[in-house]
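Going by TrEMBL, these are the annotated features:
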- 21-157: domain 'EamA' (DOMAIN)
- 54-73: transmembrane segment (TRANSMEM)
- 85-102: transmembrane segment (TRANSMEM)
- 114-134: transmembrane segment (TRANSMEM)
- 146-166: transmembrane segment (TRANSMEM)
- 172-190: transmembrane segment (TRANSMEM)
- 173-308: domain 'EamA' (DOMAIN)
- 202-224: transmembrane segment (TRANSMEM)
- 236-255: transmembrane segment (TRANSMEM)
- 267-286: transmembrane segment (TRANSMEM)
- 292-308: transmembrane segment (TRANSMEM)
Amino acid sequence: MSLTTDREGYIRYPAKMEDRKALVALIVTVLIWGSSFAAVKIVLGEVTPLGLSFLRSVVATFALVLLLGFNEGFAKLRRALREKFVYFIVLGVAGVVLFNIFQNMGIQYTSSGIASVLLATNPLFVLVLGTVFLQERINRNKSIGMTFGFVGVVIIMLGGKSIVGFLISSSFIGNILVLCSALCWGLYVIMNKKVLQRYSPLLLTASAFIFGSLVLFLLCLSSGDFPAIMSLSMTSWLLVIYLGFVSSGVAYFLWNYALNKTEASKASVFLFLIPVVAILLGKVILAERITFSIAAGGGLVLSGIYLIQR
């Protein structure tokens, strides 16, 4: 999933609502991003988290570079890569390599629905990291939102288990790994803040994916993942293309289209539907359980994120 962020690192929402096409674009975007979690879970049955990270990153890089060339031209990309070579490598490692590897590893051990809710906590990490590294202030709404988010995460991770049962469960490991993924995205956003005034979010994303893909290629080469990659079934290849091209490219284009057509208050509602879509598809496609702890904890997490981004 790729989101456009504002200068403070939070999700940037549209400004006016007058085009019904924008409403369709938002619905389709939410369905694409929400369905990506089940797709990841399915492909992980045939390839390692590292292998999937590489495949998804390569396809996404192709889609994002094409989108960037269409919108801004390739000259800007070449100039940016020369100017901020090392910076984009660091961005790629945090926002592409570690983000995807932790997410994929986590989804191996937890449900796709829970993963979607925990990954939605990335604004909480952005808030905390912004306070620590950028001396950003936390107001009352953000404090309450952080509290809601933290309590929601605890409820989801405990899942009705005792403390001992919680600590020895495989889902505990998966949930922690997904939270590490959200933390990596928070670091990526904080690092982006230093250059957002100079480069567009699309250029930053494409540049990070270019270097992230190169790093993942080297990791796959050293780990011997390529034989498994080459033996993927047709279904998995189609899902990889869906994850990389559709989820990162098409959905990014649709989201940016809606940014110019829709009011912030109306668009923000749709992003909270991403975990809902993921949980429902996890139930339908993967037969995952929807428990009280997922519903209650997820509600608190999403309420907290809403307060933080008001």
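Note that Cβ sites are derived from N, Cα and C of the backbone, with glycine treated the same way.
Heads up, TrEMBL stuff is auto-annotated, nobody curated it.
Under the criterion of 3 or more C-beta pairs below 8 Å, with sequence separation of 6 or more, the transmembrane segment (172-190) and the transmembrane segment (85-102) qualify as touching. Looking at 54-73, 85-102, 114-134, 292-308, the range that has the most CB pairs within less than 8 A of the transmembrane segment (236-255) turns out to be 54-73. In this chain, the transmembrane segment (54-73) lies apart from the transmembrane segment (267-286): fewer than three C-beta pairs between them fall below 8 angstroms, excluding pairs fewer than 6 positions apart.
Remote same-chain residues near the transmembrane segment (85-102) are listed as 49-50, 52-53, 56-57, 177-178, 180-181, 184-185, 187-188, 191-192, 195, 204, 207-216, 219 (criterion: CB distance under 8 Å, separation of at least six residues from the stretch ends). Within its own chain, the transmembrane segment (202-224) is flanked in space by residues 2, 4, 48, 50-51, 53-54, 57-58, 60-61, 64-65, 67-68, 71-72, 76-77, 80-81, 84, 88-89, 91-93, 95-97, 100, 188, 192, 195-196, 248, 252, 256, which lie at least six positions past its ends and keep a Cβ under 8 Å from the stretch. The residues of the domain 'EamA' (173-308), classed with DSSP into helix (H, G, I), strand (E, B) and coil, number 114 helix, 0 strand, 22 coil. Within its own chain, the transmembrane segment (292-308) is flanked in space by residues 10, 113-114, 117-118, 120-121, 123-124, 127, 141-142, 144-160, 268, 272, 275, 279, which lie at least six positions past its ends and keep a Cβ under 8 Å from the stretch. Each residue in the domain 'EamA' (21-157) gets a DSSP state, and the totals come to 120 helix, 0 strand, 17 coil.
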